[in-house]
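Noted in Swiss-Prot for the protein shown:
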- 1-33: signal peptide (SIGNAL)
- 70-314: domain 'Peptidase S1' (DOMAIN)
- CYS95-CYS111: disulfide bond (DISULFID)
- HIS110: active site, charge relay system (ACT_SITE)
- ASP160: active site, charge relay system (ACT_SITE)
- CYS194-CYS271: disulfide bond (DISULFID)
- CYS227-CYS250: disulfide bond (DISULFID)
- CYS261-CYS289: disulfide bond (DISULFID)
- SER265: active site, charge relay system (ACT_SITE)
Amino acid sequence: MWGSRAQQSGPDRGRTCLLAVLLLSFSLFQLHAQDYKPSQTPPPTSDALLKPMGRVQKEICGKTKFQGKIYGGSIAKAERWPWQASLIFRGRHICGAVLIDKNWVASAAHCFKRSLKPSDYRILLGYNELSNPSNYSRQMTLSKVIVHEDYNKLHSQEKDIVLIQLHLPVRYSSHIFPVCVPDQTTKEPSDESCWISGWGMVTDDKFLQAPFPLLDSEVFLMNDQECEAFFQTPQISITEYDAIKDDMICAGDITNQKSTCRGDSGGPLVCLLDSYWYLVGLASWSGACLEPIHSPSIFTRVSHFSDWIEKKKADTPDVDPSLAPLEETAPSLIGWRNYSAGTTLEPRICTTLLSSQVLLLQSIWLRIL
């Protein structure tokens, strides 16, 4: 993440710079300052039947210690995002992930390009700073890795989702708690802000520094047509180009330079719906993670996969606890190394033209005000 933002990468596509600039200038995101208020009690941990939106939930989900709206961004407060997970590959953070119930975690399929062997990975839960585990922090071993069978088959980054079954169920606390999973009837907010979080890079050439704090950012959802303008080529009209598929959703805040970056892949895009936090997206790809930010980030639209998620969970046998490895000590990450190319996909960006046009138009706009 850069400052108060998280940023990710994107596929090898061009874009129409002038149109992107015009959209940036005349479609500035409305900002919402939000207050948070710590509650007196941690989120409930007992099982219950809820119906926050659409499908009945088997467990309580989407509640945090922070009730009401949230202000600002940058370094996230402990317990703010208790579903945030880190995907570790051979001892190194490579991607974000999200706890969706006591046995399952979701992430981006492209995070598993290195290996599909569960024993190569670990899931970290209950962390705020990756180098400073707390008494709530847990390192979980993986039983199964289920990549969507149609990932990348027809289009780049399409169906970029993976389900991860844990060997042992997690114990819920105010630091470890699942987010709600939307179904296809869940309506995404059109006029409210959402949030992204992760331990990714600050920029493409700047690593997050120790103690590796979790960063978060307020972002806004963008309709597909507006988003398409940032990723089309000059030779193809907006009606012919189709970078944003039905299983993708756009979000960002270009005005305030908030996006996703390397190492944020698979992390959450969450929105507050009827007082519950929902996993609207999983970080998938975006433009280059450099200043100034030229384009929104693209996320896997989780509601598109709600039936797939339920089916895979139902079809997968529970792990026999007697056969599971012993729970491991939560580690303290002490080094930060380059991410493999698998965690980021960067499109070609007409940086010079776009940067100069943005600065010019923003200057004119400020003078008019």
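Including glycine, each Cβ sits where the backbone N, Cα and C put it.
From a predicted model like this one, the values you see are computed outputs, not experimental measurements.
The CA atom of CYS289 (disulfide bond) is located 13 Å away from the CA atom of SER265 (active site, charge relay system).
Comparing local CB density within 10 A for the disulfide-bonded residues CYS227, CYS271, CYS289, the maximum falls on CYS289. Candidates ASP160, CYS261, SER265 (recorded positions) were compared with CYS111 (disulfide bond); those inside 10 Å Cα-Cα are ASP160, SER265.
By a simple count of nearby Cβ atoms, those within 10 Å, the most crowded of the disulfide-bonded residues CYS95, CYS250 is CYS95. On a Cα basis, SER265 (active site, charge relay system) lies 17 Å away from CYS194 (disulfide bond).
For SER265 (active site, charge relay system), the nearest neighbour among the recorded positions CYS95, HIS110, ASP160, CYS271, judged by Cα separation, is CYS95. Among the recorded positions listed here, namely CYS95, ASP160, CYS250, CYS261, CYS271, ASP160 has its C-alpha nearest to that of HIS110 (active site, charge relay system). When Cα-Cα distances from CYS261 (disulfide bond) are compared across the disulfide-bonded residues CYS95, CYS227, CYS250, the shortest belongs to CYS95. Mean per-residue pLDDT, taken over the domain 'Peptidase S1' (70-314), amounts to 90. The number of other Cβ atoms within 10 Å of the Cβ belonging to CYS111 (disulfide bond), over all protein chains shown, comes to 27.
ASP160 (active site, charge relay system) sits 13 Å from CYS95 (disulfide bond), taking the Cα positions as reference. If you take the Cα of CYS250 (disulfide bond) and the Cα of CYS271 (disulfide bond), they are about 13 angstrom apart, rounded to a whole number. If you draw a 10 Å sphere around the CB of SER265 (active site, charge relay system), it holds 33 other CB atoms from the protein chains shown. Note: the CA-CA distance between CYS271 (disulfide bond) and CYS227 (disulfide bond) rounds to 19 Å. The most densely surrounded of the disulfide-bonded residues CYS194, CYS261 is CYS261 (count of other Cβ atoms within 10 A of its Cβ).
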